[in-house]
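Colleague: Copied straight from TrEMBL:
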DOMAIN    15-262  domain 'Nodulin-like'
TRANSMEM  16-41  transmembrane segment
TRANSMEM  53-73  transmembrane segment
TRANSMEM  80-101  transmembrane segment
TRANSMEM  107-128  transmembrane segment
TRANSMEM  149-168  transmembrane segment
TRANSMEM  174-194  transmembrane segment
TRANSMEM  214-236  transmembrane segment
TRANSMEM  242-266  transmembrane segment
DOMAIN    361-520  domain 'NFD4 C-terminal'
TRANSMEM  391-410  transmembrane segment
TRANSMEM  457-478  transmembrane segment
TRANSMEM  490-510  transmembrane segment
TRANSMEM  555-577  transmembrane segment
Amino acid sequence: MGKLAEGLTAFSTNRWLVFVAAMWVQSMAGTTYIFGAISTVLKASLGYDQRQLAALGVAKNLGGCLGLVAGALSASQPAWVLLVVGAAQNFLGYGWLWLIVTGQAPALPLWMMCVVIFIGTNGQTYMITASLVTSIQNFPKSRGPTVGILKGFMGLTSAILTQVYTVLNTPDHAALIFMVAVGPSLVAVGLMFVIRPVGGHRQVRPSDKNSFMFIYTVCLLIASYLVGAMLVQDFLQPSYDVIVFLTVILFVLLISPITIPVILSLTPEKAQHLMEDGLLSEPLTGEASTSQQKEDQPEVILSEVEEEKSKETDSLPPSERRKRIAELQAKLVEAAARGGVRIKRRPHRGDNFTLMQAFVKADFWLIWLSLLLGSGSGLTVMDNLGQMSQAIGYKNAHIFVSLMSIWNFLGRVGGGYFSEIIVREHKYPRHIALTVCQIVMAVGHVLFAMAWPGTMYIASLLVGLGYGAHWAIVPAAVSELFGVQHFGAMYNFLILANPAGSFIFSELIVSNFYEHEAEKQAHQHQMSALLSPRLLRNTGFLADGPLKCEGPACFFFSSLIMSVFCAVAAGLSLLVVHRTKQVYPRLYSSVRT
């Protein structure tokens with residue numbers, strides 16, 4: 001009985017259990033990605049036109065990115081509070097939307113519908129913040145894989161819910177909206193007491209590498225499954241039993257990571273370590289719980305003695321240097337207690353910054369601008385991929401949308417994996433990996449512009465991988481350079497770069513070039529004496545209707561412009577590398593590989 005109790009205690013305090021639970025919450029938190037599926041239901045049920053749907057899409061994007069309140073709460077409240085708030089908003093917003101679509105609630109004006117969509121989608125920011133902040137606290141020395149895997153699983157929401165909807169085999173299309181309202185909320189509430197800091201050490205455990213490799217394997221299997229299931233269901237029209245079988249495989253893959261905490265808890269020597277970790281009540285500097293900050297205790301960290309130590313200290317071996325700095329810290333604390341010295345509180349890179357303190361740092365804005373240019377151009381491609389493929393003659397545009405979502409998933413997982421190798425094995429800034437990804441994206445944009453036969457597949461691969469990698473590398477780098485204490489607020493400010501970049505590229509560049517080229521083509525057809533009005537209408541080039549553009553010229557200049565801006569983003573990332581290359585050896589000097 002005693003061993004069983006010890007095993008249960010070890011399991012409940014296992015940080016891998018928390019991480020797996022966070023993965024499940026993330027797999028339900030990407031409600032923004034399913035809007036394309038429910039927009040057709042809204043259009044058919046409420047009679048909306050494309051402009052009205054676009055307004056709802058803007059409200060959806062704002063709801064998914066405006067998470068500053070969630071970030072502020074993460075610095076003062078436990079994770080379960082954020083999950084409850086997120087679940088409540090998700091259920092209220094999408095539940096109300098379901099009632100309206102099914103006729104059980106009266107229809108609302110468009111602006112109120114935008115508010116409803118905003119409330120529902122904004123719930124995901126609380127779920128994402130709780131999962132990311134808690135996992136980074138539990139895995140402070142594995143931030144790349146942690147962020148990459150969590151952000152990757154966020155992209156599975158649409159695939160999971162649509163697969164379940166297919167299994168239900170119901171003619172009620174509004175059932176998908178009901179699933180969006182109930183599914184994520186139930187998962188968040190069910191796991192709200194599991195997702196919490198459990199005293200994860202700074203030191204990397206020997207078993208962590210194998211555990212992460214197992215999850216990476218699961219991610220590759222899920223990506224392969226999604227490709228295979230997409231091809232089978234689109235081209236072979238399988239029976240209902242086959243669809244059920246494919247859905248069971250998906251859920252087995254999603255549940256399989258739970259074997260990691262189970263095995264660790266059942267291993268006696270490892271279970272003892274897990275129990276000791278769970279009993280730790282004093283978090284290390286930079287790993288403090290968001291709900292238990294000890295503001296009243298004086299704390300001296302490395303940055304506070306940087307200006308007090310002698311220059312000879314920098315030339316000492318690392319072990320002797322740490323010993324000398326520790327002695328200086330002790331002297332400063334003793335002198336401060338007597339009132340004989342004033343300890344400086346200005347944080348340096350690697351310490352815990354507040355959001356306002358980060359705002360005055362050039363590194364933070366370089367990272368944000370690089371993210372805006374890189375991810376903004378990638379999101380623009382994702383939003384316009386259907387028109388881009390149709391313009392150059394592909395009729396089955398949804399294949400590229402599906403493939404892009406898979407490359408995005410793999411980019412997030414792979415970006416975290418490879419950037420972690422860079423920082424842990426080479427002690428080099430994580431942004432060097434982002435530089436490579438942005439150069440790859442620049443090449444992808446050039447291929448989109450050229451529109452040679454078959455280049456759509458290669459270009460979507462390059463841009464999808466590069467875009468996904470942004471959301472594994474940048475959050476991890478920010479948590480390293482500016483700390484985890486206020487990481488929630490910083491992350492939710494960072495994601496504002498996504499809609500800002502999309503607005504600049506999509507609304508100001510892509511749309512204008514597309515409309516200009518479409519107007520030119522329509523004018524050329526109207527001036528042609530060979531085209532009758534009937535033929536003109538059949539080709540889609542109407543002066544008083546939606547303009548249609550055909551050919552590589554539709555996105556040629558805009559793709560080249562996005563390629564140039566991706567190159568600029570790579571230059572900004574290189575500047576971040578240059579400015580922070582002295583920080584990473586100190587951050588990862590004690591990591592055992």
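Here the Cβ of each residue, glycine as well, is placed from N, Cα and C on the backbone.
Please go over these features one by one and say how buried each is and what sits next to it.
Modeller: Residues 53, 56-57, 60-61, 63-64, 83, 86, 90, 94, 101, 120-121, 123-124, 127-128, 130-132, 134-135, 138-139, 146, 149-151, 153-158, 160-162, 173-174, 176-177, 180, 183-184, 187-188, 191, 194-196, 198, 211, 215, 254, 257-258, 260-261, 264, 401, 405 of the same chain sit 6 or more residues outside the transmembrane segment (16-41) yet have a Cβ under 8 Å from a Cβ within it.
The list of residues near the transmembrane segment (53-73) in space but at least 6 beyond its ends in sequence, with Cβ under 8 angstroms from a Cβ of it, reads 31-32, 35, 39, 42-43, 81-82, 85-86, 93, 110, 113-115, 117-122, 124-126, 128-130, 355, 486, 488-493, 495-496, 498-499, 502.
Under 8 Å from some Cβ of the transmembrane segment (80-101) lie the Cβ atoms of residues 25, 29, 31, 41-42, 45-46, 63, 70, 73-74, 107-108, 113, 116-127, 129-130, 174, 177-178, 180-182, 184-186, 188-189, 191-193, 195-196, all in the same chain and six or more residues away from its ends.
Non-local neighbours of the transmembrane segment (107-128) in the same chain are 25-26, 28-32, 35, 46, 52, 55-56, 58-60, 62-67, 69-70, 73, 82-83, 85-94, 96-97, 100, 154, 180-181, 184-185, 188, 492; each lies 6+ residues outside the stretch with a CB under 8 Å from one of its CB atoms.
Under 8 Å from some Cβ of the transmembrane segment (174-194) lie the Cβ atoms of residues 17-18, 21, 24-25, 28-29, 31, 34, 37-38, 41, 45, 79-80, 83-84, 86-88, 90-91, 93-95, 97-98, 101-102, 120, 123-124, 127, 157, 161-162, 164-165, 168, all in the same chain and six or more residues away from its ends.
Mean pLDDT for the domain 'NFD4 C-terminal' (361-520) in this predicted model: 87.
Counting residues 6+ beyond its ends, the transmembrane segment (391-410) has Cβ neighbours under 8 Å at 33, 36, 152, 155-156, 158-159, 219-220, 222-223, 226-227, 230, 234, 381-382, 385, 451, 456-457, 460-461, 463-465, 467-468, 549-552, 554-555 in the same chain.
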